[in-house]
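Encoded as structure tokens, the structure appears first; notes follow it.
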Amino acid sequence: LYSIILFCVFLWIPFVYFYYEEKEEDDGNTCSQVKTALKYTLGFITICAVLLLIGAFVPLDIPNKNNSTEWEKVKLLFEEFGSSHGLTALSFSISSLTVIGMLAAITYTAYGMSALPLNLIKGTTSAAYERLENTEDIEEVEQRLLRIKSKCRDGRPLSSRDRRTVQQLEERLRTLRRRERHLESIEKSWWMKFCEAIRPLKIVWGVFFIIVALLFTVSLFLSNLDKALHSAGFDSGFIILGTNLTNPLNMLLPVLQTVFPLDYILITTIVMYFIFTSMAGIRNMGIWFFWIRLYKIRRGKTRPQALLFLCMILLLIVLHTSYMIYSLAPQYVMYGSQKYLVQVRCNPFFFFLKKKGSCLLYQKLLFALLLDQCIVTRTYLFLHKFWFFSAAYYFGNWAFIVVFLIGLIVSCCKGEKSIIEGEVDEDDSDMSDDELSVYY
């Protein structure tokens with residue numbers, strides 16, 4: 001599955017993206033477009049090969065911390081993982097993509113977790129009210145244009161300042177008339193009438209989503225705080241083998257694991273929640289490269305390249321979800337509901353009683369490991385093969401919490417969204433509105 005992700009990210013999606021780019025620039029033969037797309041895709045394949053090579057031969061010797069019992073436990077994990085270069089190379093490549101997915105999650109998922117529920121609760125403005133305001137704006141712009149143009153009735157040319165003003169007002173008028181067409185179509189749409197009818201259900205879903213978002217944030221905060229207080233520090237990637245500060249999800253998942261398949265249902269729900277909130281964040285913000293806005297995500301008007309970027313971003317975010325679930329429920333990812341047996345002497349006559357202990361108990365963990373009864377999962381070892389990636393994930397979780405809180409404050413302060421927010425912008429006024437009825 002991880003190899004399929006590498007194939008999609010470094011070969012398939014880049015090839016299709018560059019193919020569409022060539023198709024828009026040159027409507028020539030298909031063979032020429034395929035060759036050019038393959039030429040640019042070779043750059044991504046080279047990056048993938050470099051990551052695999054670095055992962056296969058990167059040294060994992062980490063400065064030891066003297067007098068650190070936690071560090072001795074961490075060393076057991078690295079020795080347990082083995083010395084397979086192929087698996088190490090794959091782990092390094094996937095971890096590199098996971099860091100990129102972490103940045104995407106901080107940007108889009110953290111904001112979407114606050115924007116989606118609050119938008120559902122607040123709702124949108126009325127189409128009739130917006131249309132009335134838009135009509136007033138159109139009349140005001142038309143009157144300003146008439147006043148400026150009346151200066152040249154006697155044959156005198158307009159000044160350069162007036163010409164610039166006229167040009168700006170005409171662009172503004174075109175945008176307002178496009179808004180009017182959109183609002184008129186929405187006002188007659190059966191879909192919007194259906195959305196108004198289920199408005200109470202949207203409020204209920206919004207309240208549920210904000211409760212889930214707060215639960216995730218609290219769990220993530222407690223997990224990170226536990227690492228900050230009880231891990232071996234930066235040089236070990238803030239790895240700990242037990243938990244001192246538990247959280248609701250960390251307690252719930254091992255219990256659900258005893259009844260198949262309740263834990264898988266909950267994990268699937270968590271992943272789908274991250275996907276929905278990520279899509280909401282991308283929908284509201286668009287696709288950015290630092291401060292440059294590349295694409296907008298709009299109903300019926302999204303470019304193929306933007307859809308490919310959307311798929312890649314969601315793929316990387318889902319990849320980062322593996323570590324996010326570990327952060328939310330570290331003990332479940334490490335040991336699940338495993339138990340180990342302890343022999344207790346009950347009397348001087350050497351009578352031993354076998355007693356079951358949970359691998360989730362931090363105080364008895366080292367003893368259970370020495371007995372080889374608590375087996376750390378492959379997923380946990382795969383995620384923590386490289387300590388510097390683990391350190392990056394740790395700081396990324398703090399950034400995720402901060403961005404979520406900022407997004408929550410911003411979403412609370414913002415008013416109701418326009419019913420056509422993002423559908424009509426001044427920089428795309430040349431796009432056709434001939435098929436509005438298809439989308440509304």
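Note: Cβ is positioned from N, Cα and C throughout, glycine not excepted.
The coiled coil annotation in TrEMBL covers 159-186.
According to TrEMBL, the transmembrane segment annotation covers 5-20 (among others). Using a Cβ-Cβ cut-off under 8 Å and counting only residues 6 or more beyond its ends in the same chain, the transmembrane segment (5-20) has close neighbours at 33-34, 36-38, 40-41, 44-45, 47-48, 90, 93-94, 97, 304-305, 308-309, 311-312, 315-316, 319.
Under the heading transmembrane segment, TrEMBL lists 40-60 (among others).
Under 8 Å from some Cβ of the transmembrane segment (87-111) lie the Cβ atoms of residues 2-3, 5-6, 9, 48, 51-56, 58, 274, 277-278, 281-282, 284-285, 288, 313, 315-320, 322-324, 382-383, 385-386, 389, 392-393, 396, 399-401, 403-404, 407, all in the same chain and six or more residues away from its ends. Residues or ranges marked as transmembrane segment by TrEMBL: 87-111 (among others).
TrEMBL lists 203-222 (among others) with the feature transmembrane segment.
Look at TrEMBL and you will find 265-294 (among others) tagged as transmembrane segment.
Among the features that TrEMBL reports, transmembrane segment is placed at 306-326 (among others). Sequence-remote contacts of a segment are chain residues at least 6 beyond its ends whose Cβ falls under 8 Å from one of its Cβ atoms, and for the transmembrane segment (306-326) they are 5, 8-9, 13, 16-17, 20, 94, 97-98, 100-102, 104-105, 108-109, 220, 267, 270-271, 274-275, 278-279, 282, 287, 294-297, 333, 379-380, 383, 393.
Summarising the annotation, TrEMBL assigns transmembrane segment to 395-413 (among others).
In the predicted model, residues of the coiled coil (159-186) average a pLDDT of 82. Within the chain carrying the transmembrane segment (203-222), a Cβ under 8 angstroms from the stretch's Cβ atoms is held by residues 113-114, 116-121, 245-250, 273, 277, 324, 327-329, 397, 400-401, 404-405, all 6 or more beyond its ends.
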